[in-house]
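Trainee: I grabbed these lines from Swiss-Prot:
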- G11, M12, S13, G14, G15, V16, D17, S18, M37, G127: ATP binding site (BINDING)
- C102: active site, nucleophile (ACT_SITE)
- H128: site 'Interaction with tRNA' (SITE)
- C199: active site, cysteine persulfide intermediate (ACT_SITE)
- Q344: site 'Interaction with tRNA' (SITE)
Amino acid sequence: MSESPKKVIVGMSGGVDSSVSAWLLQQQGYQVEGLFMKNWEEDDGEEYCTAAADLADAQAVCDKLGIELHTVNFAAEYWDNVFELFLEEYKAGRTPNPDILCNKEIKFKAFLEFAAEDLGADYIATGHYVRRADVNGKSRLLRGLDGNKDQSYFLYTLGHEQIAQSLFPVGELEKPQVRKIAEDLGLVTAKKKDSTGICFIGERKFRDFLGRYLPAQPGKIITVDGDEIGEHQGLMYHTLGQRKGLGIGGTKDGSEDPWYVVDKDVENNVLIVAQGHEHPRLMSVGLIAQQLHWVDREPFTGTLRCTVKTRYRQTDIPCTINALNDDRIEVIFDEPVAAVTPGQSAVFYSGEVCLGGGIIEQRLPLTV
C-alpha cells in the first residue's frame with residue numbers, strides 16, 4: 001500500500017507566484033489546498049475592492065486547479081505583532097521593514113500554526129523566491145535562483161525548523177518562466193503586476209496612510225553646515241539617502257547638486273541634508289546590529305567573514321562581523337557604504353546561503 005501524499009497548504013495571495021506554486025506542487029504529487037489570509041481590516045472603498053479582487057483571483061486559480069481554498073482572518077495578530085511595532089519604530093525616527101516582521105509573525109508563525117493544527121498540513125508553501133537545502137539534518141535558506149527576484153532578505157528571521165516545514169516552488173525558477181507557466185495554464189493571475197507597498201496594506205499614498213496613525217510634527221531642514229533651508233512635515237516621512245520629496249532646490253552658492261537626507265536629529269526634530277549622493281556624512285564604515293536571528297539558531301561568537309545587505313536588492317558588501325554579546329554584533333564593511341539606515345535590517349550571506357541578520361541599531365559613520 002503506497003503512502004498517502006503529503007498535504008501542503010499554499011498561501012494564496014491572488015498573485016502569480018503563489019498561483020504557479022500551487023500548480024507546481026500538484027505536479028510534484030502533493031495534496032494541495034490554498035489559504036487566503038486577510039490581515040488588514042480595510043476602512044475605505046478602494047482598499048476593500050483591492051482585497052476583494054485578490055480573494056476573487058485566488059478563488060479563480062483554485063477553481064481552475066481543482067483545489068480547495070480556505071480563508072482565515074489574521075487582522076488582530078497583524079495589528080498587535082506587526083503594525084503597532086511598525087508605528088513605534090517610525091515614532092522613534094527609525095525606518096522599519098514591515099515585510100520582514102510580517103513574514104516572522106504572520107506567514108511563518110500564525111499561518112504555519114493554523115495550517116498544521118487546523119488544516120492538518122505537513123508543509124506550508126509560499127510564492128517567495130528563495131530555496132531551501134537540507135544539510136546534516138538542518139534546513140538552510142538559500143537565495144532564489146532569479147537574482148533579480150531573490151527574497152531571502154525578507155526571510156532572514158526564519159529558523160531552520162520553520163524552513164523545514166516550508167516549500168518554495170518558484171525559488172527554483174526565474175520570474176519570466178513563472179509568468180509563462182501561468183499563461184500556458186490560462187490562470188487569471190498570469191499578467192497581474194507584482195504588488196508593492198506595505199505588506200498586506202497594499203499600494204496607497206504612504207504619507208497619507210501614516211498620517212492617519214501618527215500626527216505629523218513639522219520641523220527644520222538644516223544643512224550639514226548648519227544653515228536652515230526649509231521645513232519638513234515629519235521625520236517619519238524621510239529616510240537616509242532620500243532625495244525626492246524634500247521640497248528644496250539649489251543653494252546660495254549656486255550648486256545645483258541634489259539634496260540628500262544624511263541624518264535625523266530625533267531629539268530636536270531636525271532633518272539634516274547635504275548635497276551629492278556620495279557626501280561623506282551619508283557614508284558608513286560599519287554598523288551595530290541587534291535583535292539577531294541566525295537561521296541555524298546557534299549563538300554567534302567570535303568573528304566571521306561574509307557579505308551583508310543593508311537593504312533589499314543591494315549588491316552584497318564584503319564585511320567582517322564581530323560578536324559584542326549574545327544579541328549585538330559589530331559589522332565592519334570592506335568599503336564605506338551609503339545610506340545605512342537604523343531600523344532597517346542587515347542580512348548576512350555566505351555564498352548562496354542566507355545566514356541570518358538583525359536590525360540596524362546604529363551606523364558607524366565615516367569620519368573625514
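Here the Cβ of each residue, glycine as well, is placed from N, Cα and C on the backbone.
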Trainee: Work out how many Å separate Q344 (site 'Interaction with tRNA') and C102 (active site, nucleophile) at their Cα atoms, rounded off.
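Mentor: If we compare the Cα positions of Q344 (site 'Interaction with tRNA') and C102 (active site, nucleophile), the gap is 14 Å.
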Trainee: Within 10 angstroms of the C-beta of H128 (site 'Interaction with tRNA'), what count of other C-beta atoms is obtained when all protein chains are considered?
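Mentor: Cβ-Cβ neighbours of H128 (site 'Interaction with tRNA') within 10 Å number 26.
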Trainee: Compute all pairwise C-alpha distances among G11, M12, S13, G14, G15, V16, D17, S18, M37, G127, the residues listed as binding ATP, and give the largest one in whole angstrom.
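Mentor: Taking every pair of listed residues, the largest Cα separation comes to 16 Å.
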Trainee: Just to confirm: which same-chain residues, 6+ apart in sequence, have a Cβ under 8 Å from the Cβ of D17 (ATP binding site)?
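Mentor: Same-chain residues close to D17 (ATP binding site) (Cβ under 8 Å, separated by 6 or more) are G127, H128, Y129, V170, V178.
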Trainee: Near G15 (ATP binding site), which residues of its own chain have a C-beta under 8 A away, given they sit six or more steps off in sequence?
Mentor: D54, D57, G127, T189, K192, D194, S195
Trainee: Take the Cβ of G11 (ATP binding site) and count every other Cβ within 10 Å, whichever protein chain it belongs to.
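Mentor: Its Cβ has 24 other Cβ atoms within 10 Å.
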Trainee: Other than its own, how many Cβ atoms are within 10 Å of the Cβ belonging to C102 (active site, nucleophile)?
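Mentor: I count 25 other Cβ atoms within 10 Å of it.
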Trainee: In which DSSP state, out of helix, strand and coil, do we find G11 (ATP binding site)?
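Mentor: Reduced to three states, the DSSP call for G11 (ATP binding site) is strand.
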